Amino acid sequence: MAGGITDTGELYSPYVGLVYMFNLIVGTGALTMPKAFATAGWLVSLILLMFLGFMSYMTTTFVVEAMAAANAQLRWKRMEKRKEDDEDEDSSSGVSDSDVLLQDGYERAETRPILSVQRRGSANIFEITERVEMGQMASMFFNKVGVNLFYFCIIIYLYGDLAIYAAAVPVSLMQVTCSVTGNHSCSVGDGTKYNDTDKCWGPIRRIDAYRLYLAAFTLLLGPFTFFNVQKTKYLQIMTSLMRWIAFILMIILALIRISRGQAEGHPSMAQLSGIRNLFGVCVYSFMCQHSLPSLITPIAKKKHVNKLVLLDYILILAFYSLLSFTAIYCFHNDTLMDMYTLNFTNCDIISVAFIRYFLGLFPVFTISTNFPIIAVTLRNNWKTLFHREGGTYPWLVDRIVFPAITLIPPVLVAFCTHDLESLVGITGAYAGNGIQYLIPAFLAYCSRKDTQLVFGSGTVNKHLSPFRHSFWIVFVLIWGFSCFVFVTANIVLSESKL
């Protein structure tokens, strides 16, 4: 869910961009959605899913607008730099674009309109041709406090991401291998509830097996945090193909079971107690804002990019609804697993052993390829947060301390709990709320303000969000802060009842 999709130089068509965005958004969060649907009730879940999809689309257009404003400011700075060089070749001849950005990082834009920029072609000044990541946009449009809050939010989100991944792989391995080697072969999805203290292999308990797999997972993939890794094109194709085979298989198998009259689910319409986790899962499942710069920038023709994004959200909404509704009507609420793939490891659901193991171990393959990339992204964000201009880190801090503080906390969280629904819910409800709602709204507000100051009030951003009225920014901010209050109050009340 984090990291770049492609290098800036590799352009692709809008329809390829549509596929990339679909693959980016539909990830691990979708596997926890059926359980959240069953917990909250089908009617409440559908309404909240549609509303949160709409909110996510709105903030996506805010980020695209801020990207265009950032590109315009970069062009303006470059033109101003060239003009200064022409006037005085001896002054600032060795300053680069990045130096200018660093010097102006926490300063507001100058207040005089740049008429020369408008005369040279205002139609193209807002063209998105350079990849400007959210951190760089925060440095351009926010003050120092805003930048630090941005990095705090993205770091917490990435920690949550890593904790979810670190728990999901051992959980899948524990469920599959304990069922195969224990006395309850083929019974993961048969409705039997197992405790962590139940036996797995001989004297080894299920919780012991989980922690052994967690240790193996950490030892195998943890060292990648100390190096630089990136997701190759072919690895992305392979994981995307496996993901779609798994999702399509689950939908088809559930539909076949329902059509044969073997459906067990009787979902309720509404259960307010499940809204908290459903909210977090939906926010997590629509998350793409932090990766938009690496996804939107390489699109060759961006004239209708907002319509393209809208089409993607409609397709994703339909897919999530199909996956979740087939799940809650196919399986009894009490038997739905946190990781939906594990419901298909029961022999009664599918008799073909290869498909059972493929679906049961599917999260292991896909998550294992994403974990090192997200870990490196988190490590680099830590470095950026503490970086000071002109300074370098000692070898020990750079190569040992930063990777260690990246890897250890999520592994400790996964060691203490493997409740995936709660991990996804809390990550989405707090850090995801900030990244998906609050940060895009503030970016849109600050970028519009700076654009008017720099280029004049008459200049129009060609990628201006369809939700251009200031009411929408206020609405998103109120919604985001209200969600913080609601989720926190819900957690406090839930804990007080225990």
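Here, residue 1 is simply the first one shown, and the rest follow in order.
Using the three backbone atoms N, Cα and C, a Cβ is placed for every residue, glycine included.
Within the chain carrying the transmembrane segment (12-33), a Cβ under 8 angstroms from the stretch's Cβ atoms is held by residues 1, 5-6, 164-165, 168, 236, 240, 243, 247, 281-282, 284-288, 291, 295-296, 298-302, 304-305, 308-309, 311-312, 315-316, 319-320, 323-324, 338-341, 363, 366-367, 420-421, 424, 428, all 6 or more beyond its ends. Sequence annotations record features per position, and here TrEMBL assigns transmembrane segment to 12-33 (among others).
For 20-67 (among others), the entry in TrEMBL reads domain 'Amino acid transporter transmembrane'.
Counting same-chain residues at least six beyond the ends of the transmembrane segment (39-72), those with a Cβ under 8 angstroms from any Cβ of the stretch are 125-130, 132, 134, 136-137, 140-141, 267-275, 277-279, 282-283, 286-289, 292-293, 296-297, 305-306, 309-310, 313, 316-317, 320-321, 324-325, 328, 333, 421, 436-437, 440-441, 443-444, 447-448, 450-451, 454-455, 461-467, 472-473, 476, 479. As annotated by TrEMBL, transmembrane segment applies to 39-72 (among others).
As annotated by TrEMBL, domain 'Amino acid transporter transmembrane' applies to 135-479 (among others).
If you look up TrEMBL, you'll see 141-160 (among others) marked as transmembrane segment.
The annotation transmembrane segment is assigned in TrEMBL to 210-229 (among others).
Tertiary proximity for the transmembrane segment (241-258) is limited to same-chain residues at least six positions away from its ends with a CB under 8 Å from its CB atoms, namely 23, 26-27, 30, 319, 322-323, 326-327, 329-331, 340-341, 344, 349-350, 355, 358-359, 362, 365-366. Look at TrEMBL and you will find 241-258 (among others) tagged as transmembrane segment.
Through the fold, the transmembrane segment (278-296) approaches residues 1-6, 8, 17, 20-21, 24-27, 29-30, 32-33, 36-37, 39-40, 44-45, 48-49, 52-53, 56, 59-60, 63-64, 67, 128, 131-134, 137, 154, 157, 302, 305, 313, 316, 320, 421, 424-430, 432-433, 435-436, 439-440, 483, 486-487 of its own chain, all at least 6 residues removed from its boundaries and within a Cβ separation under 8 Å. Look at TrEMBL and you will find 278-296 (among others) tagged as transmembrane segment.
Taken from TrEMBL, the feature transmembrane segment covers 308-329 (among others). Residues 14, 17-18, 21-22, 25-26, 30, 33-34, 37-38, 42, 45-46, 49-50, 53-54, 56-57, 60-61, 64, 247, 250-251, 254-255, 258, 263, 265, 267, 285-286, 299, 336, 340, 343 of the same chain lie 6+ residues outside the transmembrane segment (308-329) yet bring a C-beta within less than 8 angstroms of a C-beta in it.
Positions annotated as transmembrane segment by TrEMBL: 349-378 (among others).
Sequence annotations record features per position, and here TrEMBL assigns transmembrane segment to 471-493 (among others). Counting only same-chain residues 6+ beyond the ends of the transmembrane segment (471-493), those with a CB under 8 A from a CB of the stretch are 55, 58-59, 62, 275-276, 279-280, 429-430, 433-434, 437-438, 440-442, 444-445, 465.
Outside the transmembrane segment (349-378) by six or more residues, the chain places 1-3, 28, 31, 155, 158-159, 161-162, 165-166, 168-169, 172-173, 175-176, 186, 188-189, 217, 221-222, 224-225, 227-231, 235, 239, 242-243, 245-246, 249-250, 253, 257, 339, 341-343, 403, 406-407 with a CB less than 8 A from a CB of the stretch.
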